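Report on the following structure.
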Amino acid sequence: MMENFKHTTVLLDEAVNGLNIRPDGIYIDGTFGRGGHSRLILSQLGEEGRLLAIDRDPQAIAVAQAISDPRFSIIHGPFSALADYVAERELTGKIDGILLDLGVSSPQLDDAERGFSFMRDGPLDMRMDPTRGQSAAEWLQTAEEADIAWVLKTFGEERFAKRIARAIVERNREQPMTRTKELAEVVAAATPVKDKFKHPATRTFQAVRIWVNSELEEIEQALKSSLSVLAPGGRLSIISFHSLEDRIVKRFMREQSRGPQVPAGLPMTEAQLKKLGGRELRALGKLMPGEKEVAENPRARSSVLRIAERTNA
């Protein structure tokens, strides 16, 4: 039985407003979660509107399946494959907006059995979809020390990555870790300098989670796919929660807003320039949560919403 863990949707109104909803439009919520954004989108759609929601978490799928609305459909899978889902429905180039709320959700963090949190002891899993792929425990038991260190440094920006990786490998040789508490204790013991404002396992848990779920690759693929999926004037509305996610989104929107970069002085005909194409997106700026939202939901503090619009190029 699935427990009802509370989830407060971050930047709810702002993210949906960023889609510039048309009553008869077709929209994608690529991260259904507990349905906060989807329900608000549906409330703004008319009878002809459609909403396609995606999530790879079986618990989110169970929540979505309880929505009995003919305008709504749910897909169990990664949002990186959104171009395939759209093509299967013959909607390529017809999508009016895509919303992505990146990272781990509050219900996933709060449910000890999911293994995302160092604050609650549970199985060392961390998979967004527990039915697919390697768990965190399985990966840490089989990975090379150098690979673990690279993951901690790259995806957790952990300055003690090598020390922690060595401690993880040594501990797994003695007794394989299967619990979140075990990993948190190993990391804490291997960290020589503690940050009084942050648990020593914070960066390690973030890095392992990102690696196990291929989160950054998922984001990059979804962003690339959005260009073929969106109709001219269609919107991208994306919420990020840490610098690694936001960096990818920011870079993508900036590059697609600039168009092809041709070196100065390179001789090109008008036909060649036209073939290169123009700007794919128009960046519409970013928003951050206000003081009131952060006070009511501290997890919103690090969130950033970026919005862009598909051009006619």
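Note: Cβ is positioned from N, Cα and C throughout, glycine not excepted.
As recorded in Swiss-Prot, the features of this protein are as follows:
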type	residues	note
BINDING	Gly35, Gly36, His37, Asp55, Phe79, Asp101, Gln108	S-adenosyl-L-methionine binding site
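Shown in sequence order, Thr9, Val10, Ala15, Thr31, Gly33, His37, Ile239 are the residues of the chain, 6+ apart in sequence, with a C-beta less than 8 angstroms from the C-beta of Asp101 (S-adenosyl-L-methionine binding site). Of all residue pairs in the S-adenosyl-L-methionine-binding list (Gly35, Gly36, His37, Asp55, Phe79, Asp101, Gln108), the one with the greatest Cα separation is 17 Å apart. In the three-state DSSP classification, Gly35 (S-adenosyl-L-methionine binding site) falls within coil. According to DSSP, Asp101 (S-adenosyl-L-methionine binding site) sits within a strand segment. Within 10 Å of the C-beta of Gly36 (S-adenosyl-L-methionine binding site) there are 19 other C-beta atoms, taking all protein chains into account. Within 10 Å of the C-beta of Gln108 (S-adenosyl-L-methionine binding site) we count 22 further C-beta atoms, all protein chains included. Taking the Cβ of Phe79 (S-adenosyl-L-methionine binding site) as reference, residues of its chain lying under 8 Å away and at least six apart in sequence are, in sequence order, Gly30, Thr31, Ile54, Arg56, Leu100, Glu218, Ala222. Long-range neighbours of Asp55 (S-adenosyl-L-methionine binding site) (same chain, six or more residues apart, CB within less than 8 Å of its CB): Thr31, Phe32, Gly33, Ile61, Ala64, Ile74, Ile75, His76.
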